[in-house]
Amino acid sequence: MAIAWMDSYTRWAADFRGEHLRSWMRDHTEVPAVAVVLYLILVLYVPENVMAHRNPIKLRFLNMLWNLLLTVFSICGAYYCLPRLWEVLTSPRISGLMADPNLGPNAPPPKLPGSFYNSACAWNDKIFFDGFVGLWVAAFVLSKIPEMIDTVFLVFQKKPVIFLHWYHHATVMLFCWHAYAYTISSGLWFATMNYCVHSIMYFYYFMCACGMRKVIRPIAPLITMMQILQMVAGTLIVLYTYVKKQFMGEFCAVNNPSLRMGLLMYVSYLFLFSQLYYRSYISPAAARTLRMANGEKKGK
């Protein structure tokens, strides 16, 4: 049965075409709009009006399964996307490219060398829009709606939902939907970075849900630092594509709204994650909390 399932998956993934999903997403812009409205109701209304006088719901086991699922999902995404990004960056000739249909049925595929410019600006459906990598980039985009379930666990367990948490979930979902629907040549960068960071982040959450928070707590600053580095890289990539297209007049397959939204999004994330890191690990209050925790351990 497992072999049959893998054969079906292999055929389906190999035949995946991103254009079909892109057309559907363009025709259904109400989906992210409805999702974000329901999400804001969850964040801004439910804690004070539904859960205020109720006891926290015990969801530890479901939370464990959820974080384990997202860990495996992120690892699978990184498995497919990271090697392709490396090839698009370094290969003498990017493999599997599609010939331009406007040049006729016998036109040869383009000879596109790997480079940072081509990884950020070049467009060919076979780079990361079709096939196995295309499927996992599409899965990355679509996963931003179910990932909001992270917040469901916080709300119904009556745990704090900080601004960074819900702002990040809402805005990244809206940006990913728009960027995929209207083409973004740097999308492989964003998907790969997110998959890699989330592989570690959700494993950390899984271990915490298993009751091992004290054991794994020392890597928490590392995870936040990885997120900050992701935002630095994202900001630089958006700036690079913006300069190439707007100031140097070079081709870059990303529309202007995506450039503006991407820059605003990444800069705001960089500020908020840096602020979180300072408040959690550097500020005097964080230092006092750490000293108290160490004192408690010594006392025990």
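Cβ atoms are placed via backbone N, Cα and C, with glycine included.
Swiss-Prot lists 31-51, 61-81, 127-147, 170-190, 192-212, 219-239, 261-283 with the feature transmembrane segment. Under the heading motif 'HxxHH motif', Swiss-Prot lists 165-169. Per Swiss-Prot, active site, nucleophile is recorded for HIS168, and the stated evidence type is similarity to another entry.
The list of residues near the transmembrane segment (261-283) in space but at least 6 beyond its ends in sequence, with Cβ under 8 angstroms from a Cβ of it, reads 162-164, 167-168, 171-172, 175, 178-179, 184, 220-221, 224-225, 227-228, 231-232, 234-235, 238-239, 242, 254. Annotation for HIS168 (active site, nucleophile): same-chain Cβ neighbours under 8 Å, separated by at least 6 residues, are TYR269, LEU272. Counting only same-chain residues 6+ beyond the ends of the transmembrane segment (170-190), those with a CB under 8 A from a CB of the stretch are 18, 21-22, 25-26, 29, 31-32, 35-36, 39-40, 81, 84-85, 88, 119-123, 127-128, 133, 137-138, 140-141, 144-145, 147-148, 233-234, 237-238, 241, 252-255, 257-258, 261-262, 265, 268.
Panel annotation: around the motif 'HxxHH motif' (165-169), residues 39-40, 43, 144, 147-148, 150-151, 154, 268-269, 272 of the same chain, lying at least six beyond its termini, place a Cβ under 8 Å from a Cβ of the stretch.
Remote same-chain partners of the transmembrane segment (61-81), defined as residues 6 or more beyond its termini with a Cβ less than 8 Å from a stretch Cβ, comprise 128, 132-133, 135-137, 139-140, 143, 147, 149-150, 153, 157, 188, 191-192, 194-196, 198-199, 202-203, 205-206, 209-210.
Across all of the motif 'HxxHH motif' (165-169), the predicted model scores a mean pLDDT of 98.
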